[in-house]
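Trainee: First, the structure itself, so that you have it in front of you.
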Amino acid sequence: MMSRRKFLLLTGAAAAGAILTPQISAKTQFIESPEEVREKRRWAMAVDVERCTQCMEELIAKTGDEKIKPPCVVACDKENNVPEFEEERFDPQWMRIAKLKLDKPEVNPKEYYIPLLCNHCEHPPCVQVCLTKASFKRPDGIVEIDMHRCIGCRYCMIACPYGARCFNFIDPREGLKEVNPNVQMRTEGVVEKCTFCVHRIDEAVKKGEEPIPACVEACHKYGKGALVFGNIKDPNSEISKILRENIVVQLRANLGTDPHVFYAKLGGE
(Lines of atoms letter the chains of each structure in order from A; the text may use other names.)
(Lines give C-alpha, C1' and ligand atoms only; values in the text may rest on other atoms or scores of the structure.)
Protein backbone atom coordinates (compact mmCIF):
# COMPACT_ATOMS: atom_id res chain seq x y z
CA MET A 1 0.00 0.00 0.00
CA MET A 2 1.30 3.48 -0.94
CA SER A 3 2.11 5.68 2.06
CA ARG A 4 0.59 9.13 2.44
CA ARG A 5 4.06 10.72 2.17
CA LYS A 6 4.87 8.94 -1.12
CA PHE A 7 1.44 9.84 -2.55
CA LEU A 8 1.97 13.53 -1.81
CA LEU A 9 5.44 13.46 -3.40
CA LEU A 10 4.14 11.89 -6.62
CA THR A 11 1.17 14.22 -6.97
CA GLY A 12 3.43 17.21 -6.33
CA ALA A 13 5.85 16.13 -9.04
CA ALA A 14 3.00 15.63 -11.49
CA ALA A 15 1.64 19.10 -10.78
CA ALA A 16 5.08 20.65 -11.26
CA GLY A 17 5.45 18.83 -14.56
CA ALA A 18 2.14 20.17 -15.78
CA ILE A 19 3.23 23.71 -14.94
CA LEU A 20 6.68 23.42 -16.52
CA THR A 21 5.67 21.57 -19.70
CA PRO A 22 4.99 24.06 -22.54
CA GLN A 23 1.49 23.80 -23.98
CA ILE A 24 1.07 23.48 -27.76
CA SER A 25 -1.61 25.83 -29.04
CA ALA A 26 -3.11 26.47 -32.44
CA LYS A 27 -0.92 29.55 -32.69
CA THR A 28 2.34 27.63 -32.26
CA GLN A 29 4.69 28.34 -35.17
CA PHE A 30 6.50 25.29 -36.51
CA ILE A 31 9.83 25.65 -38.28
CA GLU A 32 9.75 24.29 -41.82
CA SER A 33 12.15 21.50 -42.66
CA PRO A 34 14.73 22.06 -45.45
CA GLU A 35 12.68 19.74 -47.67
CA GLU A 36 9.50 21.80 -47.14
CA VAL A 37 11.39 25.01 -47.90
CA ARG A 38 12.82 23.55 -51.11
CA GLU A 39 9.46 22.28 -52.34
CA LYS A 40 8.28 25.90 -52.57
CA ARG A 41 10.97 26.68 -55.13
CA ARG A 42 12.02 25.44 -58.55
CA TRP A 43 15.29 26.96 -59.66
CA ALA A 44 16.02 27.59 -63.33
CA MET A 45 18.16 29.73 -65.61
CA ALA A 46 17.26 31.80 -68.65
CA VAL A 47 19.77 32.87 -71.31
CA ASP A 48 19.37 35.87 -73.60
CA VAL A 49 21.15 34.42 -76.63
CA GLU A 50 21.50 37.77 -78.40
CA ARG A 51 23.32 39.30 -75.43
CA CYS A 52 25.47 36.20 -74.93
CA THR A 53 26.47 36.25 -78.60
CA GLN A 54 27.29 39.95 -78.45
CA CYS A 55 29.50 39.38 -75.40
CA MET A 56 31.48 36.59 -77.09
CA GLU A 57 31.84 38.43 -80.39
CA GLU A 58 33.29 41.47 -78.62
CA LEU A 59 35.70 39.34 -76.59
CA ILE A 60 36.93 37.48 -79.67
CA ALA A 61 37.30 40.71 -81.66
CA LYS A 62 39.31 42.23 -78.81
CA THR A 63 41.61 39.27 -78.13
CA GLY A 64 41.62 37.31 -81.38
CA ASP A 65 41.14 34.16 -79.29
CA GLU A 66 38.10 32.10 -80.25
CA LYS A 67 38.61 29.86 -77.21
CA ILE A 68 38.66 32.70 -74.70
CA LYS A 69 36.64 32.12 -71.56
CA PRO A 70 34.00 34.80 -70.94
CA PRO A 71 33.43 36.25 -67.44
CA CYS A 72 30.69 33.73 -66.63
CA VAL A 73 32.96 30.71 -67.22
CA VAL A 74 35.91 32.28 -65.40
CA ALA A 75 33.71 33.02 -62.38
CA CYS A 76 32.22 29.52 -62.40
CA ASP A 77 35.66 27.89 -62.43
CA LYS A 78 36.98 30.07 -59.62
CA GLU A 79 33.90 29.75 -57.41
CA ASN A 80 33.58 25.99 -57.74
CA ASN A 81 37.23 24.90 -57.67
CA VAL A 82 37.19 23.75 -61.29
CA PRO A 83 40.81 22.92 -62.20
CA GLU A 84 42.77 23.75 -65.33
CA PHE A 85 45.52 21.37 -66.46
CA GLU A 86 48.29 21.68 -69.04
CA GLU A 87 46.47 19.11 -71.18
CA GLU A 88 43.07 20.58 -71.98
CA ARG A 89 41.49 17.13 -72.43
CA PHE A 90 41.69 16.59 -68.67
CA ASP A 91 39.90 19.85 -67.80
CA PRO A 92 36.44 19.44 -66.23
CA GLN A 93 33.96 21.87 -67.74
CA TRP A 94 31.05 22.93 -65.59
CA MET A 95 30.15 25.62 -68.10
CA ARG A 96 31.36 26.01 -71.66
CA ILE A 97 30.46 28.17 -74.64
CA ALA A 98 29.31 26.59 -77.88
CA LYS A 99 28.94 28.19 -81.31
CA LEU A 100 25.95 27.10 -83.36
CA LYS A 101 23.97 27.77 -86.49
CA LEU A 102 20.26 27.23 -86.99
CA ASP A 103 18.95 24.36 -89.11
CA LYS A 104 18.32 26.61 -92.11
CA PRO A 105 21.40 28.82 -92.63
CA GLU A 106 19.98 30.05 -95.95
CA VAL A 107 17.20 31.74 -93.97
CA ASN A 108 19.36 32.91 -91.07
CA PRO A 109 23.12 32.50 -91.62
CA LYS A 110 24.01 34.14 -88.30
CA GLU A 111 26.11 32.19 -85.79
CA TYR A 112 25.16 32.23 -82.13
CA TYR A 113 27.07 31.60 -78.92
CA ILE A 114 25.33 29.86 -76.04
CA PRO A 115 26.47 28.59 -72.63
CA LEU A 116 26.17 24.85 -72.03
CA LEU A 117 25.87 23.51 -68.49
CA CYS A 118 23.88 21.04 -66.43
CA ASN A 119 20.20 21.60 -67.23
CA HIS A 120 18.94 20.38 -63.83
CA CYS A 121 16.20 18.45 -65.63
CA GLU A 122 12.83 17.68 -64.14
CA HIS A 123 13.34 14.08 -65.27
CA PRO A 124 17.13 13.67 -65.15
CA PRO A 125 18.34 10.49 -66.90
CA CYS A 126 21.60 10.71 -64.97
CA VAL A 127 19.70 10.07 -61.74
CA GLN A 128 17.82 7.14 -63.23
CA VAL A 129 20.96 5.23 -64.25
CA CYS A 130 23.14 5.93 -61.21
CA LEU A 131 24.07 2.59 -59.63
CA THR A 132 24.78 3.91 -56.14
CA LYS A 133 22.17 6.72 -55.99
CA ALA A 134 25.03 9.21 -55.86
CA SER A 135 23.15 11.37 -58.35
CA PHE A 136 19.89 12.72 -56.99
CA LYS A 137 17.38 15.53 -57.52
CA ARG A 138 16.35 17.80 -54.67
CA PRO A 139 12.76 19.03 -54.22
CA ASP A 140 13.84 22.45 -55.56
CA GLY A 141 15.05 20.88 -58.81
CA ILE A 142 18.79 20.99 -58.19
CA VAL A 143 20.51 17.82 -59.43
CA GLU A 144 23.47 16.96 -57.22
CA ILE A 145 26.17 14.31 -56.88
CA ASP A 146 27.10 12.79 -53.54
CA MET A 147 30.86 12.48 -53.97
CA HIS A 148 31.08 9.95 -51.16
CA ARG A 149 28.79 7.57 -53.05
CA CYS A 150 30.11 8.10 -56.59
CA ILE A 151 32.15 5.12 -57.80
CA GLY A 152 33.11 6.65 -61.13
CA CYS A 153 31.19 4.16 -63.30
CA ARG A 154 30.31 7.04 -65.67
CA TYR A 155 26.88 5.67 -66.59
CA CYS A 156 25.52 9.14 -65.83
CA MET A 157 27.87 10.69 -68.39
CA ILE A 158 26.55 8.33 -71.04
CA ALA A 159 22.94 9.03 -70.07
CA CYS A 160 23.24 12.83 -70.02
CA PRO A 161 22.09 14.18 -73.41
CA TYR A 162 23.83 17.51 -72.81
CA GLY A 163 27.40 16.37 -72.18
CA ALA A 164 27.25 18.25 -68.90
CA ARG A 165 29.23 15.81 -66.74
CA CYS A 166 32.98 15.38 -66.47
CA PHE A 167 35.19 12.61 -65.09
CA ASN A 168 38.23 13.40 -62.97
CA PHE A 169 41.11 11.49 -64.51
CA ILE A 170 43.49 13.56 -62.38
CA ASP A 171 43.19 14.85 -58.82
CA PRO A 172 41.58 18.30 -59.28
CA ARG A 173 43.81 19.81 -56.61
CA GLU A 174 46.78 19.48 -58.95
CA GLY A 175 45.18 21.96 -61.36
CA LEU A 176 44.12 24.63 -58.85
CA LYS A 177 46.01 27.81 -58.01
CA GLU A 178 43.63 28.71 -55.20
CA VAL A 179 40.79 26.96 -53.39
CA ASN A 180 37.36 28.27 -52.41
CA PRO A 181 36.77 26.74 -48.94
CA ASN A 182 32.99 27.12 -49.34
CA VAL A 183 32.84 24.46 -52.06
CA GLN A 184 33.55 20.78 -51.55
CA MET A 185 36.73 19.53 -53.20
CA ARG A 186 36.34 16.54 -55.48
CA THR A 187 38.82 13.70 -55.90
CA GLU A 188 40.29 11.68 -58.70
CA GLY A 189 37.97 9.00 -60.09
CA VAL A 190 34.59 10.69 -59.60
CA VAL A 191 32.18 12.63 -61.80
CA GLU A 192 31.39 16.32 -61.32
CA LYS A 193 29.22 19.01 -62.90
CA CYS A 194 27.48 22.36 -62.47
CA THR A 195 25.37 22.68 -59.32
CA PHE A 196 23.86 26.14 -60.02
CA CYS A 197 26.20 27.15 -57.13
CA VAL A 198 24.05 25.22 -54.67
CA HIS A 199 26.08 26.51 -51.71
CA ARG A 200 25.07 30.05 -52.63
CA ILE A 201 21.45 29.02 -53.06
CA ASP A 202 21.18 27.39 -49.64
CA GLU A 203 22.92 30.27 -47.89
CA ALA A 204 20.72 32.89 -49.57
CA VAL A 205 17.50 31.00 -48.78
CA LYS A 206 18.51 30.80 -45.11
CA LYS A 207 18.91 34.58 -45.07
CA GLY A 208 15.69 35.21 -46.99
CA GLU A 209 17.62 36.59 -49.97
CA GLU A 210 17.59 35.86 -53.69
CA PRO A 211 20.42 33.51 -54.69
CA ILE A 212 22.83 34.48 -57.45
CA PRO A 213 25.12 31.82 -58.98
CA ALA A 214 28.66 32.98 -59.69
CA CYS A 215 28.18 32.88 -63.47
CA VAL A 216 25.09 35.10 -63.30
CA GLU A 217 26.82 37.56 -60.99
CA ALA A 218 29.83 37.86 -63.31
CA CYS A 219 27.63 38.12 -66.40
CA HIS A 220 25.86 41.17 -64.99
CA LYS A 221 29.03 42.72 -63.56
CA TYR A 222 31.44 42.18 -66.46
CA GLY A 223 29.34 40.89 -69.37
CA LYS A 224 26.05 41.81 -71.02
CA GLY A 225 23.56 40.59 -68.42
CA ALA A 226 22.54 37.63 -70.56
CA LEU A 227 21.94 35.23 -67.67
CA VAL A 228 18.98 35.32 -65.29
CA PHE A 229 18.45 32.88 -62.43
CA GLY A 230 15.46 32.45 -60.19
CA ASN A 231 12.45 30.59 -58.86
CA ILE A 232 9.93 29.75 -61.58
CA LYS A 233 7.32 28.83 -58.96
CA ASP A 234 7.20 32.53 -58.11
CA PRO A 235 5.10 34.20 -60.84
CA ASN A 236 6.59 37.58 -59.96
CA SER A 237 10.22 36.52 -60.32
CA GLU A 238 12.28 37.98 -63.15
CA ILE A 239 12.80 34.58 -64.75
CA SER A 240 9.05 33.86 -64.71
CA LYS A 241 8.43 37.13 -66.55
CA ILE A 242 11.08 36.24 -69.15
CA LEU A 243 9.50 32.85 -69.77
CA ARG A 244 6.06 34.44 -70.16
CA GLU A 245 7.14 37.25 -72.47
CA ASN A 246 9.54 35.40 -74.77
CA ILE A 247 9.62 32.37 -77.01
CA VAL A 248 12.13 30.13 -75.29
CA VAL A 249 13.95 27.00 -76.39
CA GLN A 250 14.93 24.00 -74.28
CA LEU A 251 17.78 21.89 -75.62
CA ARG A 252 16.71 18.44 -76.81
CA ALA A 253 13.27 18.91 -75.31
CA ASN A 254 11.99 16.03 -77.45
CA LEU A 255 13.75 13.59 -75.09
CA GLY A 256 11.29 14.34 -72.30
CA THR A 257 13.90 15.40 -69.75
CA ASP A 258 12.28 18.84 -69.28
CA PRO A 259 15.55 20.78 -68.94
CA HIS A 260 15.49 23.92 -66.83
CA VAL A 261 17.94 26.08 -68.73
CA PHE A 262 15.88 28.16 -71.16
CA TYR A 263 17.26 30.01 -74.20
CA ALA A 264 15.46 33.17 -75.31
CA LYS A 265 15.91 35.21 -78.51
CA LEU A 266 17.53 32.38 -80.42
CA GLY A 267 17.21 33.20 -84.10
CA GLY A 268 15.74 36.61 -83.37
CA GLU A 269 12.63 35.11 -81.78
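From the backbone N, Cα and C atoms, a Cβ is placed for every residue, glycine too.
From a predicted model like this one, the values you see are computed outputs, not experimental measurements.
Swiss-Prot lists these features:
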type: BINDING; residues: C52, C55, C72, C219; note: [4Fe-4S] cluster 1 binding site
type: BINDING; residues: C76, C194, C197, C215; note: [4Fe-4S] cluster 2 binding site
type: BINDING; residues: C118, C121, C126, C160; note: [4Fe-4S] cluster 3 binding site
type: BINDING; residues: C130, C150, C153, C156; note: [4Fe-4S] cluster 4 binding site
type: DOMAIN; residues: 141-170; note: domain '4Fe-4S ferredoxin-type'
type: SIGNAL; residues: 1-26; note: signal peptide
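Where in this structure would I find these features, and how exposed are they?
Mentor: When secondary structure is read from DSSP and collapsed to three states, C72 ([4Fe-4S] cluster 1 binding site) falls in the helix class.
Sequence-distant neighbours of C215 ([4Fe-4S] cluster 2 binding site) (same chain, 6+ apart, CB under 8 A from its CB) are C72, V73, A75, C76, M95, P115, L117, C197, L227. C215 ([4Fe-4S] cluster 2 binding site) carries a helical DSSP state (H, G or I).
Following the DSSP three-state reduction, the secondary structure of C160 ([4Fe-4S] cluster 3 binding site) is coil.
Under the three-state DSSP scheme, C153 ([4Fe-4S] cluster 4 binding site) falls in the coil class.
Long-range neighbours of the domain '4Fe-4S ferredoxin-type' (141-170) within the same chain, counting only residues 6 or more positions beyond its ends whose Cβ lies under 8 Å from a Cβ of the stretch, are 41-44, 83, 85, 90, 92-94, 116-122, 124-135, 184, 186-196, 198, 201, 251-252, 255, 257, 259-260.
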Trainee: So of all those binding-site residues, C52, C121, C160, C194, C219, which one's Cα sits nearest to C130 ([4Fe-4S] cluster 4 binding site)?
Mentor: C160
Trainee: Do me a favour and check the Cα-Cα span between C55 ([4Fe-4S] cluster 1 binding site) and C118 ([4Fe-4S] cluster 3 binding site); whole Å is fine.
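Mentor: Spelling it out, the Cα of C55 ([4Fe-4S] cluster 1 binding site) and the Cα of C118 ([4Fe-4S] cluster 3 binding site) are 21 Å apart.
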Trainee: Within 10 Å of the Cβ of C153 ([4Fe-4S] cluster 4 binding site), how many other Cβ atoms can be counted across all chains shown?
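Mentor: For C153 ([4Fe-4S] cluster 4 binding site), the count of other Cβ atoms within 10 Å is 15.
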Trainee: Compare the Cα of C156 ([4Fe-4S] cluster 4 binding site) against each of the binding-site residues C52, C126, C194, C219 and report the nearest.
Mentor: C126
Trainee: From the Cα of C219 ([4Fe-4S] cluster 1 binding site) across to the Cα of C194 ([4Fe-4S] cluster 2 binding site), what is the distance in angstrom?
Mentor: 16
